[in-house]
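Okay, structure first, notes after.
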Amino acid sequence: MSVPLLKIGVVLSTMAMITNWMSQTLPSLVGLNSTKLSVAPPGVPDRSTGVLPANPEESWQVYSSAQDSEGRCVCTVVAPQQTMCSRDARTKQLRQLLEKVQNMTQSIQNLDQRTQKDLQYVQRMEVQLRGLESKFKQVEESHKQNIAKQYKAIKEKMEELRPMIPVLEEYKADAKLVMQFKEEVKNLTSVLSELQEEIGAFDYEELHNRVSNLEERLRACMQKLACGKLTGISDAITIKTSGSRYGSWMTDPLAPDGDTRVWYMDGYHNNRFVREYKSMADFMYSDNFTSHRLPHPWSGTGQVVYNGSIYFNKFQSNTIIKFDFKTATISKSGQLDYAGYNNRYHYSWGGHSDIDLMVDEGGLWAVYATNQNAGNIVISKINPLTLQVIKSYATNHPKRSAGEAFMICGTLYVTNGYSGGTKVYYAFHTNSSTYEYIDIPLQNKYSHISMLDYNPRDRALYAWNNGHQVLYNVTLFHVIRSEEL
């Protein structure tokens, strides 16, 4: 092969490497090979690409709030998304990406310089080829007879070179493409620099201080709020359909942050197995669970999980048992003196529901009935460590006439039934030992409620409704102490 052809072969090989690098390496460096940059709607982070919105303030969200019915003491806390506070990882990734782009820019500049030299050579060669072709035509016309033999050899060489002309045209187009890439990388570098400056403007320490300040203000505001009085219950939210007509399910109101385990107990007697689901999502969408075997069967549906232990009424007894899930042992047991059991003073739906354990903002409670109180409901505050009764309150409401009951902020709320049209109609306030009749509708979506408990962490009612696990949001009226306004 002649020297010109060798030179062209080297150029074409170089262009093949450039094209391959442009189509594969460049997109991976700038993150375009698997994701597409898109603009998130205002106030919504683009989670598919991790790109922050143009205005960081728009990505903040409502953290928590509390207010009274007249709108006073509004404690709405707006906190940044946690991803914004993770500035170290985000900024490091951005800096690394920027460095890659800068290195890539330098490489393209060097490549561009070499390409320009090769392009100049190719252009000269193209002119020479076209001129040579023209001269050949002239020779062919005027000296056909004199130099026929020499011309034949030259023409064969020319035929070999002719296919190179469109290749050279393509090479010039590829050179132009290199220039386009160079301009796009330049623009991308500018955008990344602006983004880095934007993120850098929100220093991690500054964000952390602002969040801490907001949390302190929230706690101060919440301290001004007395416990709420129930004024409304939302429609039922069906979480899952499973199990028999009777049962109980719950989460731990004292579980640490991030612990959203769900506890599930099917049936109301002669059963010992408690299911543990890792999260509410697992409970809703899968059957993956861990099974715990209790040392005794439970009675009724009034069990509660509280601070890592389950409290339940031992079957056919007035004994309360505290079972620790971590150690799988009974950590404490005790009796409720005079409490009726074995379907003596059950709720109106039956089911060995004589003793109902429940939790509110104040701690652990037991609701039951005694002969001494003529079968009317007795409310006892229980020490969760010793299971000793701290204080008891005798009410005038018959236990057998109650559909279900739950505690919120030291007040016992009782429903008028368990099937058909249901409402909360009786409230006993332990702080004043007084009662009142109220009228708060409760949607009985599946016509048979066998468990109804309040979770103070979620501010929601958990219910077992005829083989359906449902939730109700509650509305509480907060009384604000005037001396703290």
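Even glycines carry a Cβ here, placed using N, Cα and C.
From a predicted model like this one, the values you see are computed outputs, not experimental measurements.
The signal peptide feature in TrEMBL is assigned to 1-16.
Sequence annotations record features per position, and here TrEMBL assigns coiled coil to 94-142 (among others).
Per-residue pLDDT, averaged along the coiled coil (178-224), amounts to 64 for this model. What TrEMBL records for 178-224 (among others) is coiled coil.
Summarising the annotation, TrEMBL assigns domain 'Olfactomedin-like' to 226-478.
Of all the Cβ atoms in the protein chains shown, 18 others lie within 10 Å of the Cβ of Cys409 (disulfide bond). The feature disulfide bond is assigned by TrEMBL to Cys227-Cys409.
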| What number of additional C-beta atoms lies within 10 angstroms of the C-beta atom of Cys227 (disulfide bond)? | 16
